[in-house]
Amino acid sequence: MEITVDQMYNIENKGHDMGFLKKFMMENAGAAAVKRLVEKLGNVDSKNILIFVGMGNNGGDGLVMARHLAGYGAKVTVMLLGNPENIKTEESNWNWSILEKMPSVKLMTGGSTDFDFKPDVIIDGILGTGISGEIREPYASAINYINKTDCYKFAVDVPSGLDPQTGETANIFTKCDMTVTFHKMKQGIPKRKDLTGELFAEKIGIPPEAEEGIL
Ligand SMILES: NC(=O)C1=CN([C@@H]2O[C@H](COP(=O)(O)OP(=O)(O)OC[C@H]3O[C@@H](n4cnc5c(N)ncnc54)[C@H](OP(=O)(O)O)[C@@H]3O)[C@@H](O)[C@H]2O)[C@H](O)CC1
Ligand SMILES: [K+]
C-alpha cells in the first residue's frame, strides 16, 4: 500500500502522541537503513562513508546511520549542511550531540564539498518529505557533488530533490543506487526507480493503531 506524505506526517504525530516518540522512529529508521546498506555492501569495515545531513529529520536519520556505521567499523564523515545551532528538531539535535562525543565519527559543518578523500559510499540524508521549492544552497552544491562523484549512493527515505508525494523533481536531484523509505511507501517514490535504485520500505515500530482514522 502506498500512502500520501500528509498521511505519513499524521501517522508520525499520532504515534508520537501515543508515546512512540519521533526519537524512537528516527532510531529505528537509521538502524533499518544501515542494515539494508551493510547487507548490500557486505563488509563496510574501513570503508570511507560520507553522509550529507540536512537540517531536518531526514538529516536526523542520517545522523543515526553515522553512529550505527561507526559501530560496523566504517570510516564515517558527516557533513552537516548548516550550523549545528540551526538543527530544526529536538530528535535530530539529540543525535548530533551524541556524535559530538564520538571521535570515531568525523563531523564537518557548513556544506563545503572540498574533501581530502574520495568516498566509497555517499549517503544522501539531505531532504525527505519536507522538501519545498527550488533547491537552495548549500543543499544544491551537496546534490551536485553527489551526482558528479563516482561511488555507491544511498538515499535516506527518498532521493533528495524528488518529491515523495508527486514523483516530480525539483531543479536538481540525486540519482542513487539504493533508497530505503520508512513505515510505508509514499505515492511518488516508485514513479522514479531511475533515481531511487533498489527501493525498500522498512517498518520502524510505529503502532498500527497510529494509522486509525488516517488510512
Ligand atoms: N515518516 C516517518 O515515519 C519518519 C520520517 N523521518 C524522516 O523525517 C523526514 C522528514 O523530516 P522533516 O524535518 O519534516 O523534513 P526534511 O528533513 O525532509 O526537510 C526539511 C529541511 O529541509 C529544508 N528544505 C526544504 N526544502 C528545501 C529546499 N528546496 N532547499 C533547501 N532546503 C530545503 C528545510 O528548511 P526550511 O528553511 O524550509 O525549514 C528544513 O531544514 C523524512 O523524510 C524521514 O527521513 C523520521 O526521522 C523517521 C520516521
Ligand atoms: K534524502
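Including glycine, each Cβ sits where the backbone N, Cα and C put it.
What TrEMBL says about a protein is an automatic prediction, not a curated fact.
The annotation in TrEMBL ties Asp124, Ser160 to K(+), and of the candidates under consideration, Asn57, Asn58, Asn83, the one tied to the same site is Asn58. Within Asp114, Asp157, Asp177, the residue that TrEMBL lists together with Asn57, Asn58, Gly59, Gly60, Asp61, Gly128, Thr129, Gly130, Ile131, Ser132, Gly133, Glu134, Tyr139 for binding (6S)-NADPHX is Asp157. For Asp61 ((6S)-NADPHX binding site), the same-chain residues 6+ apart in sequence whose C-beta sits under 8 angstroms from its C-beta are Met26, Ala29, Gly30, Ala33, Gly125, Gly128, Val156, Asp157, Phe182.
Note: the CA-CA distance between Asn58 (K(+) binding site) and Gly133 ((6S)-NADPHX binding site) rounds to 17 Å.
Less than 8 angstroms from the CB of Asn57 ((6S)-NADPHX binding site) sit Lys22, Met26, Lys88, Thr89, Glu91, Ser92, Gly128, Gly130, each of them six or more residues away in the same chain.
In sequence order, Gly54, Leu81, Gly111, Ile126, Leu127, Ser160 make up the list of same-chain residues 6 or more apart from Tyr139 ((6S)-NADPHX binding site) whose Cβ falls under 8 Å from its Cβ.
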